[in-house]
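Q: Okay, so TrEMBL annotates it like this:
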type	residues	note
DOMAIN	51-86	domain 'EF-hand'
TRANSMEM	123-141	transmembrane segment
TRANSMEM	208-229	transmembrane segment
TRANSMEM	235-257	transmembrane segment
TRANSMEM	278-298	transmembrane segment
TRANSMEM	318-336	transmembrane segment
TRANSMEM	348-370	transmembrane segment
Amino acid sequence: MAMTDEEIELRQLHIELENNFKPIFEKHGRQGVSLGELRVELEEEGLLEHIGRSRMDELLLLADRDRDQNITYREFYRMMTHELTAEERRPFKRVMRAAIADLVPRRMREDFLANYNCCPPPIFIPLISAIEIGIFIYYVFELKEDGIETTATSGVPIKSPLVYNPRRRYEAWRFATYMFIHQGYVHIISNMVFQIAFGLSLEMVHKFWRVGLVYVLGAIAGCLIHSVTDMQVSLVGASGGVYAILGAHVAAIVINWREMNYRCLDPQELEDNVCCGFCRILLSAPVRLAIILILVVPDTAIAVYRRITEPEEFKVGVSAHIGGFVAGIFMGVLILRNIKRHSWERTLGWTMLALYLAFVAFCALFNVFYPGYPETDWNKLEL
């Protein structure tokens, strides 16, 4: 028996909905998609350009048949096949698909562990680590040609254009590129271990563009505060960026405290999946915070002690560590992914940005106008 044009269209619509929309709804679970959030997304995606606001509200109200303020796939299917006119279906399908795809499933907003994934895979931390290691190896051979051996704690190309040099502060790139240079094997190995161990896990949730931005801003902040507190001393090492990663973990804990503790002490979780249950405990907010503090506090205390007591040639710069860590917290609150954002967190983020910019402005002006820096070296770089 031949099918009418309307029956053929409905059959094609059924196939399209099953293939393209049902998988998206399944990510949101049985409760479906929040009606209020979907309305906002539809407006942002431009649905009002195709149908009026009153018609959109009417369709969403018709779709929410059980009045639970959520739309399930079954309700959505009925709306698409029974409530829309043929002229409305084409723009509504396109906009609706984009809107639903943009909504974060409720479980992911409650469960921080559900947000770990490798799509896209960690990019920034492996890339920056490879660059830093490659540059270190390059200078090991260059120094060797000059008769200088690189050891566990010595061997730094002090004349490199990448090193922060207080006598060449007008070369502004040095405030960031110093992170590519390390002094000895222990220095680079410890930094690489820290940034890979803590950076990769951060990227799996917050993605490379956020982690990369926090890392670079932390490195710049570390060098700026070093330039203000240790005006006579050059600076090398990725410690500012590494400590920014550690500070970013603290920021992530602050803005996602509740989500990180999702079911972490739930006996049912341990009973259902012992491995997952223990992962939740190890990745819970209090445990994460304790690990960060155990690493940061003793290391910083030792650096401060060495800064005060060691002979001049063995002194350790500590201000870059502190500056990077604080910048990681400040910028992390604003930049890192917030699984469930509250209004106070948004206010806190913008406040942190204002403080960071004020800090940068102060350091820049201090570098320009303070007369106590060593005499500026205007000689041409020797490459």
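Positions of Cβ are set from backbone N, Cα and C atoms, glycine also.
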Q: Tell me whether the transmembrane segment (208-229) sits in contact with the transmembrane segment (278-298), defined here as at least 3 Cβ pairs under 8 Å among residues 6 or more apart in sequence.
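A: No, the transmembrane segment (208-229) and the transmembrane segment (278-298) are not in contact.
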Q: Is the transmembrane segment (123-141) packed against any residues at least 6 beyond its ends, judged by a Cβ distance under 8 Å, and which are they?
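A: For the transmembrane segment (123-141), the nonlocal Cβ contacts are 150, 155, 157, 160, 162, 179-182, 188, 191-192, 195-196, 199-200, 202-203, 208-209, 211-212, 215, 238, 241.
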Q: Which of 278-298, 318-336, 348-370 has the most Cβ pairs closer than 8 Å to the transmembrane segment (235-257)?
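A: So the stretch in question is 318-336.
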